[in-house]
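Q: This is the structure I have questions about; it appears just below.
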Amino acid sequence: MAFQGKKLINNPNDVVTEFIEGLVETYPGLQYLDGFPEVKVVIRADVSGATYDKVAVISGGGSGHEPAHAGFVGEGMLTASICGDVFASPPVDSILAGIRAVTGPMGCLLIVTNYTGDRLNFGLAAEQARSEGYKIETVIVGDDCALPPPRGIAGRRGLAGTILVNKVAGAAAAAGLSLADVASEAKCASEMVGTMGVALSVCTLPGQVTSDRLGPGKMELGLGIHGEPGAAVADLQPVDVVVSHALKQILSPETNYVPITRGNRVVLMINGLGATPVMELMIAAGKTVPKLQLEFGLAVERVYTGSFMTSLDMAGFSISIMKADQTLLQRLDAPTKAPNWPVGSAGNRPPAKIPVPLPPSRSMKSEESLSRPLQLSEQGRILEVAIEAAANAVIDMRDSLNDWDSKVGDGDCGSTMYRGATAILDDMKKYYPLNDAAETVNEIGSSVRRAMGGTSGVLYTIFCKAAYARLKANLDSTVTAKQWAEGLEAAIDAVSKYGGASAGYRTLLDALIPALAVLKERLSAGADPSTAFVVSSEAALEGAESTKDMQAQAGRSSYVSVGILSTVPDPGAMAAAVWYRAAALAVKDKYRAS
């Protein structure tokens, strides 16, 4: 069913003049001729016809194809753009006004898209300008590859390939070439480019209803840019299939639209039609390049992706392929101040993909340092028993943690911690350099990050990475009890900073913060380190138990009523207290045994 199109406009009759006003406000390098509404011409602000010493390059046509052509006015590209009403050829008087405004002694090249109205109006304007003494050349661009030749006097339509021709001509003019040479390069470029488009929707003209010509699940192949029907209607296909169809049509040796054969160098333009997301255009570009390279044997020298010649709010895209030589590439790469010409790189492309960088612990360390040492130092043996005890304690607590979490969370705290603990035990047998405490903590963080997932996984990874950074700052590979305390403090600070919680929020910090306070107090008093850790682990358990009396201020528990929260401790706090105490007791027993 047809319906009124939604547009952010004022009077539909004023859309082109108001577009031009906004354009020149946005880009100070552009001006427009004061002839609204009949004369709608955008020109370079730095050019005056009486004094301009280079060839003027003018293009234009009906509006509704923005940024074409006004957005390509600028030094190194177009000198002026003649704007008609939406999808209507500009009148002769407008074209003449543009010629008179920017054409100097070197003359003017008119680049005209191959539509009957444009050819006639630009042609008449050219003849009138010649009669006034201007030197004028005209190049007509017909790059459409959807309509099978011959097409009688109509010929192939001018599509997005025109933008490439504009750039070649503008660069040639900026280089100081004569009118004949600029026209020659533009004509050659126009004969080397082919375009094929596909539409997923029909465009809506300002003030008119939206057509329901194209039903759901359908697409049009070989469309024009003025809302006319495509050459064929087909079922919607994946972009791979659409790209393959378009390339075969453009590069068909039977129709010989463009003189491109295997081994040639080419330029690719993926052009959005007005309502196509950049994501989809980039997907199309990413699929087109390897097909050109592998299936057609072409060297893709440049890729331009974006919206260059649109059709109002049409969803879809077109593919333009232009045969390239070194001169043409230089013209495309030449600098321009045209606001909508894309900034691209001039060849020497780096590889499209490179390996994912490994973390320093895996990329900068030798294989030997990334494996379990053959002989453990005393510190290595202590660290091993502490990690093993902590992981096993968490494993044994899985069901209890899940049970508590089912009341105050989403019921998976125990399972999440279990995955992390089992990964730590597995990785410790192969990767952990136990004789290096800091690197071992770092590897624990890597294991947790890989295995745990969820908020707990991220928090514990932050915990380990912060502790590692503090421990690594120590020059001596042997870590003292005081340095372990400093590492714990750094870890707690990092979790609080990034997680947003602090003491009393009913989180794992309510176990670890009291433990740290007692640990620092006992160590400062000169207590035996292993005893200090055990006493501090008791504070961790007390802190975890005390979460029953806290109103949660972080995580899913914050949505649970106080009545339910008071029945169970916070699972995350209990898990932290359990592994901390298990590690402390294991270290104490290890020292006692030795």
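Using the three backbone atoms N, Cα and C, a Cβ is placed for every residue, glycine included.
Pulled from TrEMBL, these are the listed features:
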ACT_SITE  H226  active site, tele-hemiaminal-histidine intermediate
BINDING   G62, S63, G64, H65, D118  substrate binding site
DOMAIN    11-341  domain 'DhaK'
DOMAIN    381-585  domain 'DhaL'
REGION    339-373  region 'Disordered'
Q: Under 8 Å between C-beta atoms and at least six apart in sequence, can you list the same-chain neighbours of D118 (substrate binding site), or say none if there are none?
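A: The list for D118 (substrate binding site) reads G61, G62, S89, V112, G158, given in order along the sequence.
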Q: Give the sequence-ordered list of residues that share a chain with H226 (active site, tele-hemiaminal-histidine intermediate), lie 6 or more positions from it, and have CB atoms under 8 Å from its CB.
A: G62, G64, F87, Y115, S311
Q: Just counting, how many other CB atoms are there within 10 A of the CB of G62 (substrate binding site)?
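A: Excluding its own Cβ, the number within 10 Å is 21.
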Q: Who sits close to H65 (substrate binding site): which same-chain residues at least 6 apart have their Cβ under 8 Å from its Cβ?
A: I225, M309, T310, S311
Q: Please give me the CB contact count at 10 A for S63 (substrate binding site), counting all chains in the structure.
A: 25
Q: Compare all C-alpha positions of G62, S63, G64, H65, D118, the record's substrate binders, and send over the largest distance in angstrom.
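A: 15 Å is the greatest Cα spacing among the residues binding substrate.
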Q: Around the substrate site (G62, S63, G64, H65, D118), what further same-chain residues have their C-beta within 8 angstroms of the site's C-beta centre?
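A: For the substrate site, the extra neighbours are G61, A68, C83, G84, V86, F87, A88, S89, I225, H226.
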Q: For the domain 'DhaK' (11-341), provide the mean pLDDT of the predicted model.
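A: In the predicted model, the domain 'DhaK' (11-341) has a mean pLDDT of 94.
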